[in-house]
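Marked as domain 'FAD-binding PCMH-type' by TrEMBL: B:141-323. Residues or ranges marked as FAD binding site in TrEMBL: B:173-179, B:255-258, B:307-313. For B:Arg358, the entry in TrEMBL reads site 'Important for enzyme activity'. Annotated substrate binding site per TrEMBL: B:Arg454, in sequence order. Residues or ranges marked as active site, proton donor/acceptor in TrEMBL: B:Tyr517.
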Amino acid sequence: MSTINPIEYDDLIYGHRQSSDLLWSLKNWHDPLFDNKEQSIKSKKLINKTTQVSSIITPIHYETLPRNSEQIKSDVLNSLALKYTLETLGNDTNANEQAKSIIQEMSHRLNIRTARFLAFIFSKIFNQVYENIYIDRNGIHCLYKLYCLIPNNKLPIIPSSPITISSTLFAILNTFSRSSSSSDSNLLTTPLSSPLTTKHYITSPRIIYLPTHRSYMDFIILTYMCFEYNIPLPCIAAAQDFLGLGLLANLLRHCGAFFIRRSFRSDLLYWTIFDEYVKTHLIHGDYPLEFFIEGARSRTLKTLLPVRQGMLKSCLECYFRRQVDNLILIPISINYEKVLEDNLHANELLGIPKPKESKSGLFKSIQILKKSFGTMIVKFGDPIYVYDAYELFKKQQENKLNSRCDSFNRSIPRGVQPRFTCQLDGFNELELNFVDQLSYRIVHEQQRLTIIYPITVVAFSFLSSFTGMPRNRSISLEQVFADKNTLFIEHSDIVEYYSTRCQIFWPSNNDKNNLKQRLLSLYSDVFDISGNNHLKLKITGDNLIDAALLMKLIMYRNTCLHLFAKPAYILLACQVNSQASISYQQLKTYYHFFIHLFAYEFVYDQCPVDNIDDQYFDRYLTYWINKNYIFHIDESTFKINSNFLQQISLITNPFEQYARAYLLIYEQENNLTETSLSVLTKAYQKKLLTKFDSQNIINILASSSNVISNALRTLNSSNASKTLSEIRHILTKIFQPVSIHLRAKL
Amino acid sequence: MSTEGKGEATTTTASPTIPLHRQELLKWQGWGYRDSRFFINSNGLIEFSGSRYLLSGHVLPRLKDWMFNKLNSSIENYSPCVQEPNPDFIADPILNNEFISDFQSTLGTTIQYSVDKNDRLFHGHGHTLEEIWKLRHGGKFDRLPDWVVWPKQHSDVEKIVRLATKHDICLIPFGGGTSVTWALTCPTNEKRMIVSVDTSQMNKILYLDEKNLTARIQSGIIGQDLERELGKKGYCTGHEPDSMEFSSLGGWVATRASGMKKNVYGNIEDLVVHVTMVTAKGTIEKSCLGPRQSVGPDIHHFIMGSEGILGIVTEVTMKVRPLPACKKYGSIVFPDFECGVACLREIARLRSAPASIRLLDNEQFLFGQALATDNKGMLHSLVDNIKKLYITKIKGFDINRMCAATLLFEGTTNEVNQREKFVYDIAQKYNGIPAGEENGLKGYTLTFMIAYLRDIGLDYRIVAESFETSVPWDRVIDLCRNVKKRIITECEKHGVKYPPFSSCRVTQTYDAGACIYFYFVMNYNDIRPGSDPVHIYELVEQAAREEVLANGGSLSHHHGIGKIRTKWIKQAVSNLGVGTMVSIKQYLDPNNIFGSKNLIPESTESEEHLKAKL
């Protein structure tokens, strides 16, 4: 695994520290696709004419683009899809008004002037809070290529002269003139003279950014970056809870956030408006979209299941209907060394409720600006072209489909479906499977871009040593370095099976002092120094506070667990049987058992369907055999090599802890009659918290609302073949000695 | 080599343009008449030879620059075709001696036939790029017809088919030979003797019924002869497909052809009143000339589009119209393609389309400019320049986005004038500006030139092909954009170095949609070493067709399926649809006498079923 090389990154902070934020926020910003100057009176006339005939055919006029938010709103309100839905709803004026208020509530008001204002504020905040913001330069080059711009190898030149009144005035004037003057020497990007792009906007890329979601900052950072690099600002899908932020929500609106309800499956009117609103952006191609495929901020810092499939479906439907010729999906991984709201997350997981989004909460949070949050690294995945992905998928599925052809249960061909209506069931089976596969692929791509920060390694070391020596809560830096080597250097091969693009952020030359200083300054609430180079946890004695502390460690450890999950399952299966040998078949059964057990806990590159034969199994097994961690007894039986027990347990430890936490949860008296998962989770959590013990890491894990709900979902999803008692039985069998011990303890 | 047929010379009412041995008049390795072709003259400019067309004898000064600049070809990359077919490439015919002796004893005196290599070669192909490519390299086809016969009337065809059934001979009907779907290529695995039935001698107008305005016509007549002969009597059919110089009535029926002026006269299915077809089981026809009948599924509708797998169309009763009093061309320029499509849609909505209206996209519009003939003096070019300045400077049209529509009005003078004003008024609402009669006329002449242009392109390592589709109105713009872009991206993917020319035009308007015609031109110089240009070409074309289908376009508007598109027909008409076609074929032709293997994909279930039985 390679260490981060700052040369491959642009540092946004470095540039800004040397120059004026004000001038930067007033810099020339030029949409590479559209030339606003062209919007003459003549094309205004064109707009009216098109709206006149919009009921007949709506050609998209280059001259009318990019639309402002008002035009987008009225486009949606006047859309045939909405008209159709209103008709099906009975065409009452009430629904009409409702539609208007929905769109009012949803729509963004992206405009460059407010974006500048926010850019100014956030450049101040970022400079304060972050040491570095590294942007993956290759990713930016790739974006530039998509927009047919010439990448500039330097950071944008920001006027570094002291702010004079005249220069400020000039900059302000510049902002208010609708377009940037081309004479400006400051233009960093010049359009390539490609025969296509200069001529037709139609070839402008339809880009969808798909970042990971770990923090509120995710909303800002991409827009901030786009502003910096002069590429179109995205429209961001945000959850409606944010509307509680009042003024701030409005500011977010002005830099492109639009707000959607959490669930509206049954609300046809809302669905139509949402669907149309998303599509209109892609069809016209005037703004790229950005949404979080995980659907929510991951409190655990682990990848969540890609649940935002409704949004993805709406986007892809534009492609399936061929209203756009292709879509470009860009998975992005935003990595935080220290997550802004890690305290909140830890509390929330332990059942302390998330404070409602409010202004007062916001003011309180302002004090966090005094802290440092280390380095943020934004990495871009390779763009996924939907056309290529779908063609490939079709080819793979060809054989399967032919056998399942049922002429009495046909799906309506795309060519026959009306394109103007909002269809909830327009997707055929193939397309649905594709959406599913694609969404897993996206999160997988995001996972592949993970950055490992020192805190992850430290958390790993701490937590794995925890069960063994509960009273001694310190760990030497030597141990951290050793663990880092075991995990990420020795086993870089296995990590690279998974991804060659994971990188580790580590002080150069393994500088211990540097690392120590860094950890102490960033995580002053977690660590203390004790003795010579020993890190010590700040344990208070208060049950809940200590638990939150450990929970934070668990969270940071989570960021890298997906790298080890599958290979570790093999070791885990061997390890529990360490006395006896284990047969190939048995090993495989256990391996698949774990994959299914943790289907919601750890996200893989595909949804683990029952009885799926995992292709990586043999690969991982051979790897461990080559490493001598496992050796052959005879042809098809294996045994773990006890010489490497320490390394093995380092790797398997987290998973063992999770498995035991699951067992603990399953051992609770179950009242599975309750159907609502969230209610059920709360009930379980309450029960588990009564027996809470902050000394026991498994106990903490089992009290985490996330782990509980994942464990319960596993129960629900697995079909009748795996009932609760069965899972419990297998788990008990594997971890028997401990579970007996635990029972005694409880 | 001489013809072995001994048929007596017959007099026909029409004086046919096409001789018995087509290669005497027509190019054997390219499109059209031998005397008409583009070439680079001594001044280094492109000139069109002959005297048959408006462009004949004219120099096109801008064309060469367009070819060399836009397509990056150069004069050095000259790759001429062979002058004569390579006799070694033409395999010896498979002959069924029983059939031959039976034929010679019963029909040999009345029906002409030939085993001449050149005749066989000419009857074994159509005009797709792949076929022309093979011809230009000597004519190496895997399988050619073994015999060619020229029946003169319906009863001749009946006799031929009866003999063929008796001796298990494979028959492939041949009309004008302008197929672009591989419909005329012989199945390579056909082990029986293949006889090509050339209908070109069935070229008489049997009678003209002026009371009912219909004509009974033999199926072999070609478009230009038909119109000329009817014209002498003051009538026309009005069916003018782009290939009308060479294509035949039987071919139109067999492929569901569409004519340029269908807005006034209708497509072939609207024009046909009665069809007679000889199948392997005998003659099939209706017994009534009633204009519309409710007698179950219309048998005409499986004859039309049967592409030679069910039988040979011998005679057709067709509607005729009095010749129009007035014929007027016109043209409109639009600021962009989207405006143009919106305007066409509006015209279609008001059902006020002229006889023909075509919308060229920007690429084709610019290409049309390159086809301008030699300067006709200072004043002319001055007027041209002023026009250009007016449109680009005062009206603010972008030369790289504007496009043009060409129009053809037909009817009484009054009708034409009214319709013209109406259409121009609509156009004005969509920012269209009338651009004169001459441009319209030029646009329509271009139609007949396109196929000739491909031959000079091939001389300079440029391959070109066209394909068409029909699509609902709301998808027109998306489809045009996506397909054009797909062509470009596919070319990039397959290592084509120079950007291809990919262009489209809307050629027909209907109430519910439009017909779109695509051109795809590619310079195959410096492609990835080791790759075959024709193969790349096919891959790109396939991808483009997939894109058309994904965009909700039809598999074909008027070219047909042939063998080139059979793999999509299940997708197009559903499995049961293909099954129905198969069972009609099974009933009418159980022994596969009409074995051209068009339309129905090789691996249909019934065949699998049969194999399983065996």
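From the backbone N, Cα and C atoms, a Cβ is placed for every residue, glycine too.
Positions of the features from TrEMBL, shown on the structure.
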{"residue": "B:Pro173", "record": "FAD binding site", "Cβ neighbours (10 Å)": "30"}
{"residue": "B:Gly176", "record": "FAD binding site", "Cβ neighbours (10 Å)": "26"}
{"residue": "B:Ser179", "record": "FAD binding site", "Cβ neighbours (10 Å)": "29"}
{"residue": "B:Ala257", "record": "FAD binding site", "Cβ neighbours (10 Å)": "27"}
{"residue": "B:Gly308", "record": "FAD binding site", "Cβ neighbours (10 Å)": "28"}
{"residue": "B:Gly311", "record": "FAD binding site", "Cβ neighbours (10 Å)": "26"}
{"residue": "B:Arg358", "record": "site 'Important for enzyme activity'", "Cβ neighbours (10 Å)": "24"}
{"residue": "B:Arg454", "record": "substrate binding site", "Cβ neighbours (10 Å)": "23"}
{"residue": "B:Tyr517", "record": "active site, proton donor/acceptor", "Cβ neighbours (10 Å)": "22"}
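Straight-line distance linking the Cα atoms of B:Gly311 (FAD binding site) and B:Tyr517 (active site, proton donor/acceptor), rounded to a whole number, equals 29 Å. Cα to Cα, B:Gly176 (FAD binding site) and the residue listed as 'active site, proton donor/acceptor' are separated by 21 Å. Using B:Pro173 (FAD binding site) as the reference Cα, a 10 A cut-off selects none from the recorded positions B:Arg358, B:Arg454, B:Tyr517. The CA atom of B:Ala257 (FAD binding site) is located 17 Å away from the CA atom of B:Arg358 (site 'Important for enzyme activity'). Residues belonging to the domain 'FAD-binding PCMH-type' (B:141-323) score a mean pLDDT of 94 in the model. DSSP gives B:Ser179 (FAD binding site) a coil state; it is part of no helix or strand.
In the three-state DSSP classification, B:Ala257 (FAD binding site) falls within coil.
B:Ser179 (FAD binding site) is 16 Å away from B:Arg454 (substrate binding site) when you measure Cα to Cα. For B:Arg358 (site 'Important for enzyme activity'), the nearest neighbour among the listed recorded positions (B:Ser179, B:Gly308, B:Tyr517), judged by C-alpha distance, is B:Tyr517. Each residue contributes its Cα atom, and for the residue listed as 'active site, proton donor/acceptor' and B:Ser179 (FAD binding site) these two points are 16 Å apart.
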